[in-house]
Amino acid sequence: MNTQQLAKLRSIVPEMRRVRHIHFVGIGGAGMGGIAEVLANEGYQISGSDLAPNPVTQQLTSLGATIFFNHRPENVRDASVVVVSSAISADNPEIVAAHEARIPVIRRAEMLAELMRFRHGIAIAGTHGKTTTTAMVSSIYAEAGLDPTFVNGGLVKAAGVHARLGHSRYLIAEADESDASFLHLQPMVAIVTNIEADHMDTYHGDFENLKQTFINFLHNLPFYGRAVMCVDDPVIRELLPRVGRQTTTYGFSEDADVRVEDYQQIGPQGHFTLLRQGMPDLHVTLNAPGRHNALNAAAAVAVATEEGIDDDAILRALESFQGTGRRFDFLGEFPLEPVNGKAGTAMLVDDYGHHPTEVDATIKAARAGWPDKNLVMLFQPHRYTRTRDLYDDFANVLTQVDALLMLDVYPAGEAPTPGADSRSLCRTIRNRGKIDPILVSDPAQVATMLAPVLTGNDLILVQGAGNVGKIARYLSEIKLKPQIQEEEQHG
């Protein structure tokens with residue numbers, strides 16, 4: 001939306017003239033930065049604050065946004081509205097100052113809902129797969145020439161950004177259930193990929209509460225809207241009779257409306273057939289590994305088919321799909337020093353998955369595409385509460401790799417929980433007798449501690465949602481070779 005379109009919107013909604021300056025607290029987060037980017041391109045004055053620069057803040061600065069790397073009351077001066085991340089506490093000085101100045105303070109999802117209000121909204125929700133599915137839907141719509149606006153929680157690699165302003169009526173957005181704020185959204189189409197117990201503090205530890213919240217989200221659809229849901233997921237199958245909207249199901253299940261058949265993986269690509277009711281079968285080559293990504297593609301195809309998008313555009317988009325940042329993100333293949341007299345290489349893959357189901361899917365994709373590789377994982381648990389609540393699941397999943405290095409828990413603001421730390425998890429895994437995990441207390445020592453477990457035919461998965469992605473990039477920069485200065489500093 002350019003300046004002319006912004007003027008048109010303000011003529012439709014005269015009250016929008018009151019909003020000129022939008023301030024974001026926690027602007028460096030992917031979800032926050034994406035919305036800020038769309039609004040900057042719509043012509044609004046954007047400012048924001050965060051603790052440190054990152055690629056998101058750099059992109060926003062290039063668009064003319066003012067970024068403060070501190071949290072001070074004066075940062076919100078002259079703001080028309082303050083948008084706050086769910087990670088920001090109520091006693092943040094900018095939030096306090098905004099309330100004192102009677103500046104409206106809203107959550108990220110409320111602003112996303114305003115962006116969606118006058119567009120054809122497509123919202124992608126679920127415990128796992130949201131970011132990739134959002135990127136797939138966006139890629140198909142772009143390939144079909146529909147020029148969508150999209151707001152994603154991860155980097156869309158084909159576009160090089162988390163969000164992009166299109167000039168059509170379509171807005172494709174990731175919907176976040178972590179704080180239940182997706183209830184603000186009122187889309188025309190909603191995808192639900194799966195529902196598992198996660199972020200249970202938001203739902204007071206009550207899984208029934210979580211399930212009902214997803215139902216409430218789907219009931220934000222108009223009666224003529226459509227819910228696209230993965231029938232392979234047992235919770236979704238259970239909830240389907242309670243969804244009072246038109247539904248399309250997808251999955252490997254025989255009763256799915258859009259059914260995945262004959263899946264096989266060759267290296268990083270999946271090959272499968274999609275069977276659609278009353279439509280020609282689609283023989284898909286998907287440039288993303290794993291059965292879980294075939295499901296994500298089936299969801300995207302279900303939405304695109306309902307919209308009437310040409311099959312050729314769908315197939316082109318999936319075959320050329322470039323993925324999203326930190327979702328089985330291939331960082332390179334690096335030569336290693338000779339091992340047992342033979343030179344070899346190691347592939348390096350960075351992945352955001354931090355729930356046992358996600359980690360399991362990543363491991364399965366790696367095994368399917370590269371069955372002969374020595375599978376090495378560098379894992380960083382994310383949050384003590386998640387590690388505590390899913391402790392046995394983590395222990396079971398992590399024993400599937402050939403070698404495991406584990407960093408300390410990334411706390412994300414939480415206090416340590418006894419028995420839910422990395423040392424305890426390593427001990428539990430070791431006692432099961434399959435692998436002997438290595439605890440890495442000093443991240444600077446990762447390359448040094450990684451070297452002895454490599455065989456010369458390796459696939460290294462760097463796994464987690466904390467700051468482990470920075471370690472993955474560092475390993476790529478040094479080509480997996482331990483640095484002398486590190487050894488001197490920490491030896």
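Glycine residues also receive a Cβ, built from the backbone N, Cα and C atoms like all the rest.
Among the features that Swiss-Prot reports, ATP binding site is placed at Gly126, Thr127, His128, Gly129, Lys130, Thr131, Thr132, with the record citing sequence analysis. Under 8 Å, Cβ to Cβ, and six or more positions away along its own chain, Thr131 (ATP binding site) finds Asn152, Gly153, Gly154, Glu174, Thr324, Arg327, Tyr352.
In the three-state DSSP assignment, the secondary structure recorded for Lys130 (ATP binding site) is helix. Those residues of the chain, other than Gly126, Thr127, His128, Gly129, Lys130, Thr131, Thr132, with a C-beta within 8 angstroms of the mean position of the ATP site C-beta atoms are Ile124, Thr133, Thr193, Asn194, Asn296.
Annotation for Thr127 (ATP binding site): spatial neighbours Glu177, Thr193, Asn194, Ile195, Glu196, Asp198, His355, Thr357, criterion Cβ-Cβ under 8 Å with sequence separation of six or more.
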